[in-house]
Ligand SMILES: Cc1cc2nc3c(=O)[nH]c(=O)nc-3n(C[C@H](O)[C@H](O)[C@H](O)COP(=O)(O)OP(=O)(O)OC[C@H]3O[C@@H](n4cnc5c(N)ncnc54)[C@H](O)[C@@H]3O)c2cc1C
Ligand SMILES: NC(=O)c1ccc[n+]([C@@H]2O[C@H](COP(=O)([O-])OP(=O)(O)OC[C@H]3O[C@@H](n4cnc5c(N)ncnc54)[C@H](O)[C@@H]3O)[C@@H](O)[C@H]2O)c1
C-alpha cells in the first residue's frame, strides 16, 4: 500500500494548501471531478461563484436601460447572445481548471488521483482499484446540490446550478424551485436576458435567512420582475408535449417552462466518504465536525463545505489557510476566525450581510440600536434616483460596537466591507463614523449617515 505524508481529498479550496513549503512532503491529491464535465478545481471555479458572477455582470448590463430611463437616458436592450456569453465564460474558466490540473499532475511531490475516494480503514483510502494511506488526511470534499423528492422527476430533465450555465440556448422560460442564493441569482440572470422566470418558494419571502427587512424588500423588488409563487412547493413535474416541463405546485398551480432548475440547498459530501471506517461521525447536519484548528481527530483535518455551516468560498479559503499553517507548524497552531462571516447575494437587487439580524439580536435579548438608512438620503442616492434600497445597522448599546450590517442595493457587496472591517477590528460606532474621512459624494456616505443615526444612548 502506497504511503503518503499528506492526502487531500478535494481540489477546490483543498488545492490551495500545497505550495513550495511542502516541497519535501509526499502528497496525494484526489478529486473525482465536477459532475458532468469531470473538471478539476472544485465548485467555485467551475460551477459556482466565478461563472455565476460572470453571468450576473452581463445581466446587470442588460437591465441598464431600465435604470437609465429613470435618469432620462434612452437605451435599448436588444439581445443577450447566450451561446457567445457561455462560450466566452467557459472558454476562460475551462483552461484555468485544466491548467490547474496539469500543474498538479506535473508536480514532483504530488500524485494526482482522478477518481472517487472512500475510506476502507482507519487511515486507508480506496481510490478506484488502489488503496493508499497517509500520515495526515485533509477532507475538503465540498458539497453537492440536493434535489427534493418531487413526483415525476425521473421523467423530465432536471437542471441544477451544475448544468444550467451550459444550456444550449437561452430558454424562453424557466421555473426555479427554491428561493435562496442560487434561485435569487439565476432569477436575475435569466429574467434580465428576457427569459420568463417563475420561482416556486415554499416560504412567503425569498432569501428568508436574511434580516427580515432585507428579505421582505428583496422579495418585493425581484418579485416585480418575475412570477413568484410564494408559499408553495413543487409537488409534481411531467414532460410538456412541446418539450420542457409542466410543474404542479402544492396550491395546484400548473407552471409550464422550457427549463426546470432545482435550487434547494447543498448537502455536505462527507456522507460519501465512508468516514465511519475512520472513526469519524458526522454531526446531525451531515457535516464533518471540526475544532477551532480545523482538526477532526488526530491525523485528520477538514475545511470548506464538507464541514462548515457557511457554504461560502471565502470561508473555505480561510479554513484552508488555517489547515495549511497547522500542517506546517503543528507546534504553533492557529485557530479559524468565524466571528464575522459575511456573505453577498449577487442578484438585482444585490444583498450583502454580516453579523446578527435584528431577529437574532432580539432573540438573544441584547440591548441594541437599529437604523435603516435609505440610499435616497445621500447625494449619490439622489444621482441614482434611488428608490427602495437601504443600509441597516445594528449596534450594541453597552459596547457601542456594531452587531450586524445588512445592505440591499447597488454595490452592496463592496459597501459592506467597511462594516466587516469595523466589526473584525472592534471599532466602535463613533470611531468608525468620525475617525476617518468619507469621500463626498460617494455611496459609502449612506453608511456614515446610518452610523450617525444609531441611537446608542
Ligand atoms: C452556483 C453557486 C454559486 C456560488 N457562489 C458563491 C459566491 O458568490 N460566493 C461564495 O463565497 N460562495 C459561493 N458559492 C459557494 C462556494 O462555491 C463553495 O462554498 C466553495 O466552492 C466550497 O469549496 P470547497 O473547497 O469546500 O469544496 P469544492 O470546491 O466543492 O471542492 C470539493 C471537491 O471534492 C471533490 N470530491 C468530493 N467528494 C469526493 C470523493 N469522494 N472523492 C474524490 N473527490 C471528491 C469534488 O469533485 C470537488 O471538486 C457558490 C456555490 C454555488 C453552487
Ligand atoms: N453569492 C453566494 O455566496 C452564493 C451563491 C450561490 C450559492 N451559494 C452557496 O450555495 C448554497 C446553496 O445555494 P441554494 O440557493 O441551493 O441554497 P439556500 O439554502 O440558499 O436556499 C435553498 C432554498 O430552497 C428551499 N428549499 C429547501 N428544501 C426545499 C424543499 N424540499 N422544497 C422546496 N423548497 C426547498 C429553501 O426554503 C430555500 O429557499 C448556499 O447556501 C450558499 O452557501 C452562495
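Placed from the backbone N, Cα and C atoms, the Cβ positions cover glycine too.
Note that TrEMBL annotation is computational and uncurated.
Here's what TrEMBL has on this protein:
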- 440: active site, proton acceptor (ACT_SITE)
- 53: FAD binding site (BINDING)
- 178, 179, 180, 181, 182, 183, 184, 185, 265, 305: NAD(+) binding site (BINDING)
- 44-49: disulfide bond (DISULFID)
- 4-311: domain 'FAD/NAD(P)-binding' (DOMAIN)
- 341-450: domain 'Pyridine nucleotide-disulphide oxidoreductase dimerisation' (DOMAIN)
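Sequence features annotated in TrEMBL and their locations in the structure.
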residue: 44; record: disulfide bond; contacts (Cβ under 8 Å, 6+ apart): 12, 13, 50, 313, 316
residue: 49; record: disulfide bond; contacts (Cβ under 8 Å, 6+ apart): 43, 313
residue: 53; record: FAD binding site; contacts (Cβ under 8 Å, 6+ apart): 346
residue: 178; record: NAD(+) binding site; contacts (Cβ under 8 Å, 6+ apart): 199, 200, 201, 262, 263, 264, 265
residue: 180; record: NAD(+) binding site; contacts (Cβ under 8 Å, 6+ apart): 206, 207, 208, 209, 263, 264, 265
residue: 182; record: NAD(+) binding site; contacts (Cβ under 8 Å, 6+ apart): 161, 263
residue: 184; record: NAD(+) binding site; contacts (Cβ under 8 Å, 6+ apart): 206, 207, 218, 222, 345, 347, 351
residue: 440; record: active site, proton acceptor; contacts (Cβ under 8 Å, 6+ apart): 379
Distance filter, Cβ under 6 Å of ligand 2; input recorded positions 44, 53, 180, 184; output 180
Within 10 A of the CB of residue 265 (NAD(+) binding site), the number of other CB atoms across every chain shown is 15
Taking DSSP helix as H, G and I and strand as E and B, the domain 'Pyridine nucleotide-disulphide oxidoreductase dimerisation' (341-450) has 40 helix, 31 strand, 39 coil
Candidates 49, 178, 180, 184, 265 (recorded positions) with CB under 6 Å from ligand 1, in sequence order, are 49
Confidence over the domain 'Pyridine nucleotide-disulphide oxidoreductase dimerisation' (341-450), expressed as mean pLDDT on the 0 to 100 scale, is 98
Taking every pair from 178, 179, 180, 181, 182, 183, 184, 185, 265, 305 (the record's NAD(+) binders), the biggest C-alpha distance in Å rounds to 20
Under a three-state DSSP reduction, the secondary structure at residue 44 (disulfide bond) is helix
